[in-house]
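So the structure is just underneath, and the comments pick up after that.
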Ligand SMILES: [Zn+2]
């Protein structure tokens, strides 16, 4: 028996005796050693992990689980996951060699995840982002109803909060065990992306890792404003053998690799894993500072609703502020009333007012601030800062007017004196 065969046997033995539950943070293969999928070199897993699972021999990018990805691109301690408890059911009572429910249970125990994607928010070099990461270890990263729902919710959340969206794809395609329920996720995700990209005008970066195939390629993976791939990643719709048999033709060797697709214009960039975080942060910073950017808006009907309690709290807060804020004679409020329909025609205006307080305080002169109740001022700043929003999208109200900054509303409304209007404008 060769030493390699012995190591392999030991690995299998260990795997059999290992406890069933492995958290994704621990290594799935359970052994000390693994083999490079590309060049076959034997690699020490501990060192491989430190090298972000890039082969020391040939630079091939081995598969990474979703937890490692989060650690790789999100600042330490800032990850906050969304919809962690969403769990799939078996609507078709599907059975092949095994029941679908059994397969699910097995995958859940092995990975510690509920389904093949992790979604959440976090900071990337200090920039707030919404991130979805598919996990190939969970049933081949296949997209079922839960994966689709989680990604859709993430996109909707990012739209409301004005966050940059990053989706890291690693998938075999739609999940066949859920039939049409998994296929409809493609349309659902694409529809929410349409609002995110075309209405709210926010940035979506899709990152394709090996392998990205099937329904995922046919929907959100290819919809990125920027499409980034990892070196030598396998990206395609149908498999190589299927295409060869259908066309009765020999395909080139590098067919469906990232390099081939970049050459043919399907991708924007190939970025090695070690530079990925830096590349993302530089891209987002560049985009944020770009001139001539079109303002986005969220169409009426899909804005986030404010709960009754929150609305009442904001209403009271605003009353308190509006009475104290303009107590100086110079800043007299003309005919201001909370019942004025012209001013308050949407519950969202309250939110707008709160968010805009930061801007107002930045612009008013220092002498004005001195006359202001400092306690109130601190409270306002605190509340404004609590809303961790970098680039908030504009929205349209019922009458299809574009609602923008409170400051702009303030200038256009008749309830402040001309003197103050002049002050704000200059
Ligand atoms: Zn290698």
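First residue shown is number 1, and so on along the chain.
Each residue, glycine too, has its Cβ placed from N, Cα and C.
For 36, 39, 55, 58, the entry in TrEMBL reads Zn(2+) binding site. Feature annotation from TrEMBL assigns domain 'CoA carboxyltransferase N-terminal' to 32-302. Positions annotated as zinc finger by TrEMBL: 36-58.
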Same-chain residues at least 6 positions away from residue 39 (Zn(2+) binding site) with a Cβ under 8 Å from its Cβ, in sequence order, are 55, 57, 58, 60
Averaging the pLDDT values of the domain 'CoA carboxyltransferase N-terminal' (32-302) gives 91
The DSSP breakdown of the zinc finger (36-58) into helix, strand and coil residues is 6 helix, 4 strand, 13 coil
Neighbour count check, CB within 10 A, over binding-site residues 36, 55, 58; minimum at 58
Given the Zn(2+) site 36, 39, 55, 58, its other Cβ neighbours within 8 Å of the Cβ centroid, in chain order, are 37, 38, 40, 41, 43, 56, 57, 59, 60
